[in-house]
Structure formats: C-alpha cells, structure tokens
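K.L.:
The structure that follows is given in the form of structure tokens.
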C-alpha cells in the first residue's frame, strides 16, 4: 500500500510545494484513490506513475479551493484521454455544483460517468474490493471530513489439513475458498470460505484528515489505525499569533493527540506557504518538525511534494521515494 | 515590451508544457496583463517575475477549460495575498458564471473588486494608459476572440525651437506638454501638447489569437501589427487526419496567412500535447516548425513555456529568455 503526496502547501502554492492532493494505492488492484484535488493536481500526477485513467475514486475533505480547484481540469483531461470507466467523486454537495458549473460554462463534457456521492450524508460509507471508507466530521471554518481507509478482503491462507481431513481434494474449489468465495460441491455440500481459510493479520487502516483544529475528534477513528495523516499548518507560536479564526492545527496540537492515542505512524502535511524546506530559509519547516518531535514519540514524517510512503503488511510506514 | 509564455500545450498539459497562459508587460507601468488562464497558471507565475499583485487585467479568448480553469485559484491566491487593487476580467459571459460558481461553492471571497467586462459585446474596447485593446471574432467550436494590443501614449519629444520661438521658457509647462497634457498659461494662453511635441515612432501592435481555424479573419487586425501570436495545434498532415471538428489551425495555415500579410514576427503556440521538444522524441515539434518555415519568410518563433520575448521600439522581436 503506497501514498504519494502531490501537494503539501496550505492555501496557496509555493514554488516547491503545490496545494493539497494525495494519491493512495492499494497493492492489490491497479486502482488508486485521490484525496483532495487542489489546482495543479493533474500536472503533479504527470510526474508520478499514477494516471487519471486508472483512478477509482476522488475523496474531497471540504470545499475550499486549495482542495478542489483541480477537479475540472483533472476530469476533462481524463475525458480528453478517452477514459470510459465511471469515476466516483465523493465530496460535499457544493463541490458537485462547482464541478457542474465549471463543465457547463466551458463547453466541456465527460466521456465517462461521474458518480457523485455526498460525503456528508449521515450514513456515508463507501467500499470497493480493497477498502472500506468511512468519514469523521472535523472542526474547520466549513464542514470538513477525515476519511478512514480500512483494508477489506485480506489474503486468506487455506487450512489444507482441514480440507484434506474433510475429504476435499486440491482443485478449483480450493482456489475459490482462498479468494473468500463459498463453494457448493456437486454433491450439494456447502463449503464456507471462513471455515477453510484463516486470515493471519489485521487489516491496515489509515486516517486521512482534512483541515481541522480539533484532532481529538479523530479519537474513535484512530483507535485501530496504524497511520494518521493530518494537517499541521504551523507551529503553536504562529498559531497563537494568527489567532483561532482559520481553524487549523499546530504541530503541537496534532502531536499531542497522536501521542495520546499511541498511533504508530504520523505524517504531517498542509504546511503554511510561509514554511520552506531550503536549509537556509526562514521560517524553516524544521520548526514544525521539532515541535512535533518534542511531543510525539512514534514514527513521524513531514510530507514533501512527490514523496512516496509504503505501508507494509506489518503496518510499518517507510519513505520509499525514489531519488 | 515583453511577453512570457506560461503554457504552450493545447487541451491537456504535458510534463514540460502547461496549458495556455501568456503574460504581457508594457515597459512603462509596472502593470502587466494575462491572456488566458489555464489550470496551473498561478503556479507557472511563481517561476517568473510576474506577481498577481501587480496584474492589471485578464483577457480570456474563449471559455474552454485549458484557457480558463486557472482563474479561481489565481484570483483566490491574489486575495489571500491581500490584493486590494481592482482587477479587470475581460472574458465571455459564461466565464463570469463559472468564476462566480467556483467562488460561491467553495467558501471563497475576494479582497478586491473583480471588474468583469464582456469581451464579446458588440462595442467592446478597453484601454488603460499603455494599451488600447480591441477584439476580433475567430472561428472555433465556441465563440472565440483574438485581442489586439496597440500602444497608446507614446513618448513625445519637445519641439524646443518652436517653444522658444513662441516665447515659452523652459519650466513646468514643458514637462506637462511632453507628457501629452495641454497647458493653460497664467495669461490665459492655451498650449496644445500636439502643437509643441512630436511622436517619432509608430505604436507597436500585437495580435494575440485564441483557438481558430481561419487565420484570415485577422486580416484587418494584422494590417498594422508587428507581431502575430497564433495557435498552430499541429501540422497539416495531423490536421487532415484529425478532421475539421476541433477547428484548430495547422502550422501551414497560419504561416500562409502571416506570409500573405507580411507580418514581420510570428510566434506559434498551443501545440498538441503529442508534440515534444526532446530531440529524440516523436512526433517532434520540429515538424511544426519546418512546415511553417517552408511558407513564412518573416521572423518565426515556436514558443516554449517560460520563454520571454522582447519587442523593442523598432518592432524587432527577440527571444531574451534567461538561461
């Protein structure tokens, strides 16, 4: 399972960092998922191995432009490239209005079906053959959600001893049972996959936050998560100077929550455009990092554009960015 | 007077070329003008010396997304940076609807006044203290305009002999007359700037086309223009293969027109995303260039992203891109 950060700047882009976009790919299908789509996301994707042709679903945390303005271009480019597969757009309802107005006023149409799903519906949940996705309401200037991606359909190991003991010889039935499919034999016997297979590990779960000044709202979602990806727009000092109105988190704020929950991996992103990664620049992103590291004892990363992280089946998160 | 190409790809961006955007700056004021604003234009600007804070007016040739989808992000970034100066948006009316829907559905507002002007109004003309801008209807799948930028307020030379002969001594009146301002002396005498100054050169004029399959529509506009900037989406061979429906020009098509009009400088842009500048790539942009060069005998350029061209007062157009 891999994550590639397409943009890590809050509000406005910088020369080195685009506005928010995150690609998530499960190891199993070729499909991948996009979480948020700031302007320029399609251009960032051209520098990765991800193609809009294989994109399965787009999740939008909230309506703000630095999370949504890339949608019309990404969708029409997929169309110009001849995409025919339906695409899910899982977002607050005004995002649908925005996209429809963008297409409708620019002589644009899509070659594929855009399946809009309201991410803010009370009973929201979405799943495909790789993930079950749920949403958690956050605290921001506008309605905003975190999305929790939890693996489904984990790989099964056949209980060969039990199969042979029950007189079921190796054959096509074994393959189906291993895929989680129940089988009815010619003699009418029902074999349940759950009875003849075992799942040897826990599902991986990632919680991907939107903009939010109350990380503690993610307590329930983070209980069984191995990774929390959360905004840390600035240090506490800057947060205090800016005041509460933008409703963003400081690094300290998020670190305190992640430490209290013992989330094993924390990735911070969505840094104010004032921060730079250039070692001689001020203010330097190192200030955000030190603040978080002083509080959170787990595996901490500060995301940069085009960095790729791999979450292995043992739930270790490693930066695997190719140089 | 300088031009910087912010995007030279048609329809969809490539790794090396963004969708359409062109910055025009007159030598005189700090103000500059943006012609078309595809997605990612604000990001491209971060790599130039142009700032959205000094932008005077945006001209949109037509509604298509590769010319308009950068507007919401550019405008909201200018706002987040604290712009207060009004900004002109000169565009077809649906662009206004698109921009208003983008802002209205994403909790966005602007810190400055957006002065919308319908570029397709019958009597359209716009001017400031540097340029007079007029529009010419083109032939495309949707209503589309070329914009002609003609210099106004050319620098004047004082006719000192005549001033002295008429008994007008050097003083503040001389300065005003040189700036084109008429002066009333204390004794009530009216001095007309036109009588006491001369303009020693012709105004420079650039014609900047939108998408268009009939360059000959620009005959009138090009009569006294020194520069034509026009799309050449592909070679004639590809144009024939694609068929007429996209309503784009081939290089041959534009070159033939520019040659017939004896336009001294021709800059081609808006190349199909299939074309590459990498010397080993196929199809190579050199095919478009050869086709144009075989027909047009003037000063020909094929624009690349981030190239800057200077048009001097003698109307010579030179590539002055810094390496």
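Cβ coordinates are placed from backbone N, Cα and C, and glycine is handled just like the others.
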K.L.:
Figure out which of A:270, A:284 sits with A:66, A:67, A:211 in the Zn(2+) 2 site per TrEMBL.
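P.N.:
That Zn(2+) 2 site, as TrEMBL gives it, pairs A:66, A:67, A:211 with A:270.
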K.L.:
Quick one: of the binding-site residues A:64, A:140, A:211, which have a CB under 8 A from chain B's CB atoms?
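P.N.:
Filtering A:64, A:140, A:211 for a Cβ under 8 Å from chain B leaves A:64.
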K.L.:
What is the separation, in Å, between the Cα atoms of residue A:66 (active site, proton acceptor) and residue A:270 (Zn(2+) 2 binding site)?
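P.N.:
Cα-Cα distance, residue A:66 (active site, proton acceptor) to residue A:270 (Zn(2+) 2 binding site): 10 Å.
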K.L.:
Validating a neighbour-count step here. Other CB atoms within 10 A of the CB of residue A:270 (Zn(2+) 2 binding site): how many?
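P.N.:
Taking all protein chains shown, residue A:270 (Zn(2+) 2 binding site) has 28 Cβ neighbours within 10 Å.
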K.L.:
Quick one: among the recorded positions A:66, A:211, which has the most Cβ atoms sitting within 10 Å of its own Cβ?
P.N.:
A:66
K.L.:
Can you see whether DSSP assigns residue A:66 (active site, proton acceptor) to helix, strand or coil?
P.N.:
helix
K.L.:
Does anything in the same chain, at least 6 positions from residue A:67 (Zn(2+) 2 binding site), have a Cβ under 8 Å from its Cβ, and if so what?
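P.N.:
Residues satisfying the criterion: A:19, A:20, A:36, A:37, A:38, A:60, A:61, A:210, A:211.
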K.L.:
Measuring Cα to Cα, how many angstrom lie between residue A:62 (Zn(2+) 1 binding site) and residue A:270 (Zn(2+) 2 binding site)?
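P.N.:
Residue A:62 (Zn(2+) 1 binding site) and residue A:270 (Zn(2+) 2 binding site) have their Cα atoms 14 Å apart.
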K.L.:
Measuring Cα to Cα, how many angstrom lie between residue A:64 (Zn(2+) 1 binding site) and residue A:270 (Zn(2+) 2 binding site)?
P.N.:
13
